[in-house]
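What follows is a single structure, written as structure tokens, with notes after it.
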Amino acid sequence: MENHDSFYKFCQLCQSLYDADDHQEKRDALERHFADFRGSAFMWRELLAPAESDAAADRELTLIFETILSIERTEQENVTRNLKCTIDGAAVPLSRESRITVPQVYEFINDLRGSGSRQERLRLIGQFAAGCTDEDLLTVFRVVSDHAHAGLSAEDVMELVEPWERFQKPVPPALAQPCRRLASVLVKHPEGALAEVKYDGERVQVHKAGSRFKFFSRTLKPVPEHKVAGCREHLTRAFPRARNFILDAEIVMVDGSGEALPFGTLGRLKQMEHADGHVCMYIFDCLRYNGVSYLNATPLDFRRRVLQDEIVPIEGRVVLSAMERTNTLSELRRFVHRTLATGAEGVVLKGRLSSYAPNKRDWFKMKKEHLCDGALVDTLDLVVLGAYYGTGRNCRKMSVFLMGCLDRESNVWTTVTKVHSGLADAALTALSKELRPLMAAPRDDLPEWFDCNESMVPHLLAADPEKMPVWEIACSEMKANIGAHTAGVTMRFPRVKRFRPDKDWSTATDLQEAEQLIRNSQENTKKTFARLATTYDGPSPNKKLKLN
């Protein structure tokens with residue numbers, strides 16, 4: 001197995017830098033070495049061009065190495081092999097084969113710098129030199145005398161090595177806050193805003209280093225391989241000039257015609273249900289590209305233009321997100337209404353000159369629930385069918401509740417969603433005491449009236465659903481979708497809007513009503529936003545939009 005941290009490789013790199021004829025050739029040699037690097041990048045960078053150094057200690061170490069190796073600092077470029085090491089008049093036997101590693105040398109040099117006396121440093125060098133070749137010792141001398149980089153600046157080394165140091169270290173994502181007044185976007189960003197389609201998929205941060213790729217989720221965890229199958233090859237083709245980058249993107253499952261499939265179809269089992277489906281990646285931001293960082297200071301306009309200049313779109317596989325420049329409130333409003341009329345999840349609004357701010361909510365997001373004073377929010381009146389115990393201080397309390405509705409055709413209760421009560425501790429305790437007499441731990445064989453997937457069986461189940469309370473559950477979006485719940489309904493971001501003591505099981509929403517409500521909701525939403533967008537005469541947000 002290849003050892004990317006072999007000090008022999010470090011020696012070879014240093015010699016190639018010395019042998020290079022000009023500055024660009026040195027940069028090319030360094031870049032080639034790190035093209036598929038898998039070692040300790042931080043230590044390599046510190047040995048080549050340390051960010052900080054102890055000048056006094058390094059001067060003392062340089063003098064010591066000049067003495068024991070019998071060479072001058074200025075002669076390093078012309079030194080070849082067959083060096084001898086002599087300490088206190090005694091020759092130190094050197095190794096014929098290099099066995100040491102970069103981490104060992106890094107630790108050794110730090111120990112040398114931390115040693116107080118010359119005699120202690122000589123002792124450490126004598127011990128370490130016994131396992132070194134003459135080339136190893138020459139390279140260590142180059143490191144302590146600040147000659148390992150052979151004239152490359154610290155900025156050169158940082159630029160060429162840092163992408164691999166950053167590799168596998170995800171950057172906290174920039175975030176968006178809910179927007180209920182479009183005017184507030186232009187108040188914060190008077191220079192104008194970039195309005196972008198919000199895709200109904202999963203956010204992913206893409207790292208490329210040479211031929212290697214890593215994918216991280218919104219929570220900075222590795223993305224399962226089945227969700228990014230084929231993306232490496234398509235990204236390589238889409239960015240043919242890229243040596244390294246960090247991109248922000250959204251992955252969405254699309255069918256053979258390029259139409260987006262419902263949220264949740266990125267899962268392994270769901271993918272199997274769509275034989276012609278595949279992953280499409282929508283790129284919307286650039287954090288780093290070919291060694292240049294665009295974090296914190298670079299305007300979005302510029303970052304977007306970098307992407308436009310570099311990408312070769314692959315339709316249905318790797319494309320830029322649909323985005324449009326807006327300068328007035330009417331332009332912003334029309335884009336939002338037109339986008340929502342297509343059934344998109346929402347829009348994201350960003351200042352044209354805004355920087356990429358990790359972990360900060362500097363962007364705005366708008367969904368249909370944020371418009372029309374919440375009149376377009378989907379709600380269902382559902383019955384509490386079960387409960388799950390919480391964790392931590394809520395370990396003995398009902399913390400999450402299973403909501404469901406009656407299928408009147410089969411007279412069976414189906415599950416719709418799980419929801420947190422949103423109550424404070426005292427109120428949650430009172431609610432638990434109220435509901436506990438109406439519930440019991442389910443037996444292995446579930447009652448005939450209850451249709452529930454095994455993964456959703458609650459810790460406590462209603463003894464009689466007709467005696468359970470009704471709650472109004474709101475969500476950002478409601479779709480017909482066969483998933484974890486048996487009703488075939490998906491509620492995105494469900495929450496308890498209010499308790500409904502005025503209703504009982506007979507007046508709650510049943511399955512047939514829920515299905516009709518979903519159809520009506522989707523149709524009414526599209527009609528509403530299509531009407532609001534009738535004066536909009538710009539390009540369709542479903543197509544790739546270019547900045548002027």
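Backbone N, Cα and C atoms are what each Cβ position is placed from, and that goes for glycine too.
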Given Swiss-Prot lists Glu196, Arg218, Glu250, Phe284, Arg361, Lys365 for ATP, the same-site residue among Arg203, Arg212: Arg203
Residue with minimal Cβ packing [other Cβ atoms within 10 Å] among the recorded positions Lys198, Arg203, Arg218, Arg361, Lys365: Arg361
Entry from the binding-site residues list Glu196, Glu250 having the most other CB atoms no farther than 10 A: Glu196
Alpha-carbon spacing, Glu345 (divalent metal cation 2 binding site) to Lys198 (active site, N6-AMP-lysine intermediate), which is rounded to whole Å: 6
Cα-Cα distance, maximum over Glu196, Arg203, Arg218, Glu250, Phe284, Arg361, Lys365, record's ATP binders, Å: 18
Listed in sequence order, residues with CB under 8 A of Phe284 (ATP binding site) and six or more positions away: Glu196, Asp248, Ala249, Glu250, Leu320, Ser321, Met323, Val348
Pairwise CA distance, Arg218 (ATP binding site) versus Lys198 (active site, N6-AMP-lysine intermediate), rounded so that it is a whole Å: 15
Neighbouring C-beta atoms (10 Å sphere around the C-beta of Glu345 (divalent metal cation 2 binding site)): 21
Secondary-structure category, per DSSP, in which Arg361 (ATP binding site) falls: coil
